[in-house]
Ligand SMILES: *Cc1c(COP(=O)(O)O)cnc(C)c1O
């Protein structure tokens, strides 16, 4: 057998694999890191060089790589039942997971529908909303409203409510027409929220009786470049959705599972619950693909009928996979037993303290944070900033992928004071290198 080394594996990868979110013609400039193993927040390449996973491997990791508790839960499940279909059968891991999530919403969102990736959960929520209105005789409610720069996944339906040009533009001719309204992105100034709400009210008034749902990313529009807004926005949209009789879909695929400081970001609105919550990414702690949609008794009841066609017949082959559900149950048990939220609030403060000097750095604007997400914008990033920053950071033991001119950290919940200092120093050294080089 050939012995593996990082450059060889990267080269073979660039031939045999089509990497996601990557222009392959430019991939040779930043050849993929060949990762052999992970431990805690660290990833190790084939030669044993380490990289701190500052973006939690696309926001999925919560407790670090190769976590012993999650491994035990998955292994135990693997020994008894790796998979069974969820039509005509059921299994304890799925039932327990749905019950635990229901309990976390105080029973308000007591019905869980499973899928395997985030975009599919968004598709499910959109379909359920439309079909629920249809079953209740509101056939005209078939339009969706979403936010400027919002991101909800890249399948055709999810892309229709996504407003990130690089993902959307090529496919625009294929997409269902959604209404895109102003974002409450606080970087747009103190009246951004008021303007966003006025724009939403305008669309809901113009399209009264035609809108099925509004879909939002509560508190942080992550793929937009960590655009943040206040909980007051959640209260206001909940009230507007009630006033106009439309569903509110809270896409918590990125911000759920404690990332924002509460288990669900929407909780911080202190205004009850949305009609749908989508979850994925962190729910299985970064181990196995799993997503789900939580919804209300009202939505559930609207499908209850002797007629098959009034039911929600959507399915995916791996719906409710027991291994992924076992991992998710272990994640939720950890939240319950190990004060994960309390500890993550302490960790968020450590990050805030370590990065505080950046607030006075003239190269930087909009230093901001919500829970375990910290971000800032670079004022004069120059050409291909994200690519250059990502590449330069590798030499500082940091795996980080800026979004445009936004540098962000979304680390596993494993931050202590020395780690926060390490991250600050690595980010500063990289920033200086990249900006000096551009000048
Ligand atoms: C990542 C993400 C999705 C899509 O999830 P995938 O598993 O990548 O399909 C949808 N919505 C939000 C808010 C996300 O961050």
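Placed from the backbone N, Cα and C atoms, the Cβ positions cover glycine too.
Where the annotation comes from TrEMBL, it is an automatic prediction and has not been curated.
When TrEMBL records 118, 119, 316, 317 as binding pyridoxal 5'-phosphate, the matching candidate from 53, 182, 251 it lists for that site is 251. When the binding-site residues 58, 151 are compared by the number of other CB atoms within 10 angstroms of each CB, 58 has the fewest. Close to residue 118 (pyridoxal 5'-phosphate binding site), meaning Cα to Cα within 10 A, are none of the binding-site residues out of 58, 315, 401. For the binding-site residues shown (315, 317), fewest C-beta neighbours within 10 angstroms: 317. Nearest Cα neighbour of residue 251 (pyridoxal 5'-phosphate binding site) among the listed binding-site residues (58, 151, 315, 401): 151. Neighbour counts of Cβ atoms within 10 Å were compared for the binding-site residues 251, 316, and the top value is held by 251.
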